[in-house]
Amino acid sequence: MSMVQALNQPRQEPTEVDMLLLWSVLGLLALGLVMVYSSSIATAEGSKAFGYQPAYFLIRHGVFLCVAMVAAAVAFQVPVKVWQELAPWLFLAGAVLLAVVLIPGIGRDVNGARRWLPLGFANLQPSELMKLFAVLYAADYTVRKMPHMHDLKKAFLPMAGAMVVIGGLLLKEPDFGAFVVIISIAIGILFLGGMRARLFAVLFVVLLAAFAILIIVSPYRRDRLFGFMDPWSDAFGKGYQLSHALIAFGRGELFGVGLGGSVEKLFYLPEAHTDFLLAVIAEELGFVGVLVVVGLFALLVQRAFAIGRQAVALERLYPALVAMGIGIWMGVQSFINMGVNMGLLPTKGLTLPLMSFGGSGVVANCVALAILLRVDWENRQLMRGGKV
Amino acid sequence: MARARSHRYTESPVLQLAFPAWRSRLAALALLGGFAVLAGRSFYLQVINNDFLQEKGESRYRRELEISASRGRITDRNGDVLAVSTPMRSIWAIPADVKLTPEQSQNLAKMLEMDGRELNRRLAEDKNFVYLKRQIPPDTGERIAALKLPGIHQNKEYRRYYPSGDMTAHIVGFTGVDDKGLEGVELAFQDQLLGRPGFRSVIKDRRGQIVEDVGSVKPPQDGKDITLALDSKIQYLAFSQLKQAVDDNDAKAGGAVVVDARSGEILALANWPTYNPNNRANLSGAQLRNRAVTDTYEPGSTMKPFSAALALEKGKFRFDSVINTAPGKLTIGTATISDSHAHGLLTLAQVIQKSSNVGIAKVAGTFPPEEMWTMFDNLGFGQAPKLGFPGEVGGRLRPWKTWRPIEQATMSYGHGISVSLMQMVRAYTVFARDGELIPLTLLKGDGNPVKGERVFSPQTVREVRAMLEMAVQPGGTAPKAQIPGYRVAGKTGTAHKLEGGVYARKYVASFVGLAPASDPRLIVAVMIDEPSSGKHFGGDVAGPTFANIMSGALRTLGVPQDAALQVAGSNAGKEAL
């Protein structure tokens with residue numbers, strides 16, 4: 001190729017956003033839609049509550065995805081600075097919603113947990129939104145307290161107080177999964193923001209002790225814990241759900257029984273289209289399918305941290321912490337959900353981000369990733385000498 | 001305000017230090033490490049430990065479904081079907097799953113031909129499984145299936161059908177509702193007839209619907225067909241003739257047996273009363289009894305030829321040895337034996353021909369008891385014939401050491417000993433087979449003559465056969481047993497019945513005979529229990545029935561004639577010598 005020709009080539013424009021991140025997110029969303037449909041067909045077709053329509057969950061999840069895309073598109077237009085300004089207010093609004101959901105007559109009760117606010121056309125799950133607000137707020141808080149990070153009283157206690165309130169509301173529902181995710185986000189962001197290592201170590205021990213006490217005191221959580229330790233000892237009682245999830249994994253082998261071929265989804269595995277979606281993926285698409293999902297989440301988390309570090313390099317601390325916070329959120333929640341599916345962690349009500357059925361979750365996840373992409377976009381604009 | 005704050009901190013160089021890069025690396029690494037653990041765990045579950053998990057899964061949703069096997073058919077020797085299984089349906093329900101509108105419920109009750117209240121009562125039972133109705137026709141089953149009623153299910157099952165009905169009821173027997181043989185050949189050959197159900201392995205969803213067939217199908221093994229020795233034409237003949245005889249003589253019951261003397265095959269076995277195996281409502285014990293096999297009777301004079309044979313065999317008497325039977329009475333100890341007609345001097349042959357009790361008692365009196373007992377034992381008396389029939393009896397033959405002289409005397413003419421008609425036929429095979437006793441069989445043989453156990457010498461038997469021929473000729477007790485075209489050898493029996501240990505004025509009239517006498521092919525025995533229309537002698541009551549059955553059977557089998565079509569002369573028997 002001659003010099004002239006090379007010069008005449010149209011110049012490769014640098015991409016506007018992180019394409020790896022975008023594709024991994026779209027991949028997870030698409031695979032999620034397919035698997036939600038596959039895992040819910042039998043339940044929907046066989047239940048009066050779902051009008052015996054096989055596509056009941058497919059249609060709803062599809063609508064949620066459309067809403068989420070629109071919300072994400074809107075969120076992408078919002079500068080990160082604006083999110084930072086809004087963060088305390090969003091956090092407050094989230095806390096109010098978490099309180100409202102507990103009011104009898106307003107919050108909707110499903111399977112003994114009051115987690116939903118009926119909006120007529122759909123149900124809003126405030127805890128899903130709260131995860132996003134916690135990221136936005138914790139990042140803002142950390143940035144504000146940065147000069148005092150060595151100071152326990154100034155840096156940690158206010159956040160700890162806020163977490164006690166939020167955590168208390170979440171446990172009241174109860175939504176132990178969201179509690180763990182939000183605490184992880186808050187601590188993770190404080191850690192990244194430079195909170196003293198010794199403090200962090202103490203905090204870690206205290207939290208561990210708190211979890212232990214919580215599990216010992218509450219029979220409901222203790223049972224869940226024991227079910228996870230040995231699902232086969234009470235395989236038709238406490239270990240029922242997990243044992244079926246594990247069977248689904250075993251049946252899948254390397255390449256799976258084929259899309260649509262799951263037996264576990266045929267009324268055996270409860271919550272196949274929500275919390276235990278991965279088990280159906282494992283059965284139908286095999287180890288390869290699970291590896292793809294794990295790999296896409298790992299890529300997503302890696303990109304989130306890469307974007308965050310890029311923001312740090314650009315001295316944009318708030319966007320950096322938001323990006324990494326979203327990475328922690330996605331990473332922790334997907335890790336816990338998949339760990340639960342595989343019997344590595346005690347069963348708790350947590351969905352697989354971007355994939356499981358559920359409107360609030362999908363919308364909140366998509367908005368969060370739109371913000372992550374916005375951080376990246378702003379990084380790229382700044383690197384090109386542009387303004388944000 | 002927030003913007004100002006943010007701006008200020010981000011530009012502070014101190015904060016750069018407060019935001020150490022290792023922390024974000026550590027956090028990212030921790031999360032990626034977590035994902036690596038997940039991948040490893042998934043590999044363990046799906047590739048390494050999957051056998052254990054799949055086994056657990058199969059124990060939950062893999063089910064073995066039975067594929068019912070059809071019971072073997074029972075046919076006669078020519079392949080005519082005597083018992084066959086036809087597919088039917090049984091309708092059952094899981095009451096908890098059943099939700100019927102009143103119309104549906106009414107409709108279902110109508111299809112099942114059930115009372116609506118009865119149906120509702122069953123559906124209200126607190127069980128996981130109730131039969132609503134069993135053995136309904138398949139087309140009704142299809143129509144019920146088409147209604148798609150929740151909780152109503154059906155199974156394929158079989159119903160046994162007996163085309164020949166009451167005619168072969170006692171031989172074929174019948175099965176219960178679970179395909180289990182309860183009587184007759186159905187019970188005797190249960191193991192062969194019963195099919196081995198096959199299995200197919202299926203995966204069921206949690207609601208019990210079959211999702212897929214998985215391998216390991218074991219095909220059902222249908223039961224083996226049983227081919228009986230029975231010949232339907234001869235059976236029909238024996239059955240209808242017996243029925244006629246019971247009717248004509250106002251008798252209580254009767255039995256008839258036809259046996260092929262070469263093979264021991266039972267060609268016909270008829271009893272009256274009988275029953276319809278296809279509709280067993282209101283069945284009584286009397287109808288059910290296979291008398292020829294399960295009931296014993298004191299045979300009377302049909303026993304005499306055996307003592308005559310023993311006398312010849314031991315050389316104590318010859319064919320024409322003279323015995324004084326005058327004055328028709330004989331007193332042994334305190335008991336007196338009498339003849340129905342006084343005769344005077346008779347040869348041994350005439351004792352059989354005229355059926356003289358006194359004559360044969362005198363002959364038997366010369367035997368040591370052990371010798372006589374051994375003969376009876378060799379003839380199979382006191383032992384069940386081992387046909388495989390349920391309830392076969394061996395009759396009563398007391399040990400010889402307990403015999404008193406009067407008992408030995410009465411046994412020679414068939415009292416004080418009890419046998420079944422089937423045993424009697426078996427014992428008569430010695431006269432048809434030149435001295436060999438052969439086993440009888442219900443099953444069709446391979447066409448070859450069977451080997452027997454020798455009881456008498458051929459010479460002895462030929463002489464006895466000649467005596468038996470004389471008995472059916474003029475001057476004998478059963479001229480009515482003659483058959484045009486064939487030489488017949490046979491013996492009448494007219495026994496008093498024992499009632500509560502006392503001989504009553506009730507009789508069992510019987511006739512056992514073989515033909516053609518020159519080369520016996522068939523043995524026919526007829527027994528009529530309590531004839532009460534005036535006649536009670538075996539020759540009058542059972543003789544004609546014997547003749548009808550025997551002549552028909554011989555013709556059916558195409559047995560060559562051995563006599564002129566006119567009734568043979570009185571010295572025909574002598575020629576056989």
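Positions of Cβ are set from backbone N, Cα and C atoms, glycine also.
The transmembrane segment feature in TrEMBL is assigned to A:20-37, A:58-80, A:86-106, A:154-170, A:176-192, A:199-220, A:285-305, A:317-336, A:356-375.
Residues 152, 155-156, 171, 174, 183, 187, 190-191 of the same chain lie 6 or more positions beyond the ends of the transmembrane segment (A:199-220) yet place their CB under 8 Å from a CB of it.
The recorded stretches the transmembrane segment (A:356-375) and the transmembrane segment (A:86-106) do not share 3+ CB pairs below 8 A when only pairs 6 or more apart in sequence are counted, and are therefore not in contact. Long-range contacts of the transmembrane segment (A:58-80) within the same chain: residues 29, 32-33, 36-37, 40, 122, 316, 318-319, 322, 357-359, 362-363, 365-367, 369-371, 373-375, 377-378, 388, each at least 6 residues beyond the stretch ends and with a Cβ under 8 Å from a Cβ of the stretch.
Tertiary neighbourhood of the transmembrane segment (A:86-106): same-chain residues 114-117, 124, 126-127, 129-130, 132-134, 136-137, 139-140, 162, 165-166, 169-170, 172-173, selected by CB-CB distance under 8 Å and a gap of 6+ residues from either end.
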